[in-house]
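Only one structure is covered here, and it is reproduced in the block below.
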Amino acid sequence: MKPLVPVSTGARIVLGAGFFVVFVAFWGAATWSGWVPPLFLASPERTLLAGWSLLTEFGFAGDIAITVFRVVGGFLIAAAAGVPLGLMMGAFKPVEAFFEPFISFARYLPASAFIPLLILWAGVGEAQKLSVIFIGSFFQVVIMVALIAGATRMDLVEAAYTLGARSRGILRRVIIPAAAPQVMETLRLVLGWAWTYVIVAELIGATSGIGHMIMDSQRLLDTGQMIFGIVVIGVIGLVTDFLFKALNRRLFPWAVL
Amino acid sequence: MSRKRLAITGVTRSFAGHRGAAPMLALRPIDLMVEPGEFVAILGPSGCGKSTLLRIVAGLDQPTGGTVTLDGVPVTAPGPDRGMVFQSYTLFPWLTVAQNIRFGLAERGVPEAEQQAIAARFIARTGLTGFENHWPRQLSGGMQQRCALARALANDPEILLLDEPFGALDHQTRELMQELLLEIWDADRKTVLFVTHDIDEAIFLANRVVVMSARPGRIKAEVPVSLPYPRDWTMKTTPAFATLKARLMGEIREEVRKAAMA
């Protein structure tokens with residue numbers, strides 16, 4: 001191995017899949033040998049069996065669907081509100097001066113700490129779940145998008161001015177397209193965080209969803225089901241990440257992503 | 001052919017000092033008249049304020065004192081009548097070559113068909129045929145600067161402001177670019193203000209070379225270049241060229257030394 005020398009695509013796939021194999025092998029070794037009792041950790045095959053029964057007997061697909069809906073819904077609302085505000089803050093310094101101090105304060109408020117209040121305000125329905133994700137994502141999106149838009153290359157802005165652009169043209173035809181790829185990367189990250197908020201929201205005061213299933217399984221001490229639930233979240237995360245990256249490559253062929 | 005006269009009158013620029021330090025004077029009063037169709041090179045050591053002067057003419061920077069007028073109208077903000085090419089690569093990376101060239105036209109609401117016709121003309125003139133749909137990152141440095149030149153020219157500006165546009169290119173490419181620029185200038189004789197620290201480049205291109213002193217910059221000498229156009233590379237080997245070069249080297253050496261000691 002030499003520092004910073006790239007690997008081929010084939011080698012990358014083999015190595016990436018390899019660690020999953022190693023991980024499952026250690027998990028199997030720890031459980032099959034009896035080193036860790038099944039009460040604390042189910043073996044790989046028991047986890048898969050638990051997953052199969054969840055899906056076929058207990059309608060777990062519905063839980064997955066409702067959780068995906070909450071994550072995507074809350075995330076989209078946060079993005080739809082946060083991206084425009086962030087762009088305006090990045091582009092126009094008075095707007096930034098007005099919002100930035102409050103948003104810097106608000107983004108340190110832990111979304112999970114709002115759950116009891118939100119239950120009081122919005123009940124235990126979908127509005128409350130979406131609100132938790134919104135609070136967790138919105139302020140992060142705003143701050144990061146403002147930072148990206150504010151870091152637009154000044155020489156590109158100046159070139160646009162000398163070509164006759166005015167404020168509106170600078171925003172629409174320079175700042176927004178220049179920021180777009182990084183904004184999408186930010187959204188990809190924030191979607192990942194939204195998954196942690198949804199599970200927390202579902203652990204408290206929920207009657208459906210992956211988080212609720214994990215909570216139920218704890219009462220039954222069914223570690224197989226709990227682990228299966230966690231693995232499902234990981235797989236969904238992996239797939240959305242992959243889709244997001246593919247979308248970005250398609251949307252921004254000019255950028256080196 | 002440009003018709004407007006550029007007048008720089010008593011322009012000074014100082015930058016505010018940090019933490020109560022005295023303000024830094026970048027330009028001492030500059031007076032310069034540029035006639036329509038002239039090709040003026042501004043030659044000076046790095047840090048002498050020549051780029052600052054060009055940015056003030058472009059409207060990207062404001063003078064501390066004095067005025068810049070174009071046909072008597074004061075310049076206060078950047079505008080499409082003063083096209084600029086920068087030393088850094090400033091093509092919009094998200095636009096293709098053709099879209100970059102059309103940027104200013106689209107901003108002014110020129111009809112689509114006309115935009116395409118104008119872009120096609122400048123693509124041909126800058127030798128970018130076949131690269132219309134390439135992204136800037138797929139182009140060499142020389143091609144990027146040719147595209148930036150085409151983008152500025154597509155707006156049909158009164159004046160072309162060139163801020164060391166070939167400074168980042170290798171020597172051979174730079175010489176080819178100089179010839180291309182002269183060809184384009186010869187065709188429609190737009191007023192050009194060309195900032196450089198390369199003596200050969202200044203003589204080869206301009207019909208007047210303005211030498212600036214080390215910081216704070218002022219105009220130290222104005223040297224007319226009476227070599228006939230069209231010029232090509234063989235001109236750089238003529239005795240007349242060598243004489244001019246010797247004179248300008250004498251002027252500039254002293255300033256470079258001052259700048260290096262400062």
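Each Cβ is built from the backbone N, Cα and C atoms, and glycine gets one as well.
TrEMBL lists A:64-244 with the feature domain 'ABC transmembrane type-1'.
Counting only same-chain residues 6+ beyond the ends of the transmembrane segment (A:12-36), those with a CB under 8 A from a CB of the stretch are 42-44, 46. Annotation source TrEMBL lists transmembrane segment at A:12-36 (among others).
Annotated transmembrane segment per TrEMBL: A:75-93 (among others), in sequence order.
Residues or ranges marked as transmembrane segment by TrEMBL: A:105-124 (among others). Through the fold, the transmembrane segment (A:105-124) approaches residues 131-133, 135-136, 139-140, 142-143, 197, 200-201, 204-207 of its own chain, all at least 6 residues removed from its boundaries and within a Cβ separation under 8 Å.
Among the features that TrEMBL reports, transmembrane segment is placed at A:130-151 (among others).
Annotation comment: TrEMBL describes A:194-214 (among others) as transmembrane segment.
Outside the transmembrane segment (A:226-244) by six or more residues, the chain places 41-42, 47-48, 50-51, 54, 64, 68, 184, 187-188, 191-192, 195, 199, 210-211, 213-214, 217-218 with a CB less than 8 A from a CB of the stretch. Look at TrEMBL and you will find A:226-244 (among others) tagged as transmembrane segment.
For the transmembrane segment (A:75-93), the list of distant contacts is 99-100, 130, 133-134, 137-152, 170-171, 175-176, 179, 183, 187, 190-191, 194: same-chain residues at least six beyond its ends, Cβ to Cβ under 8 Å.
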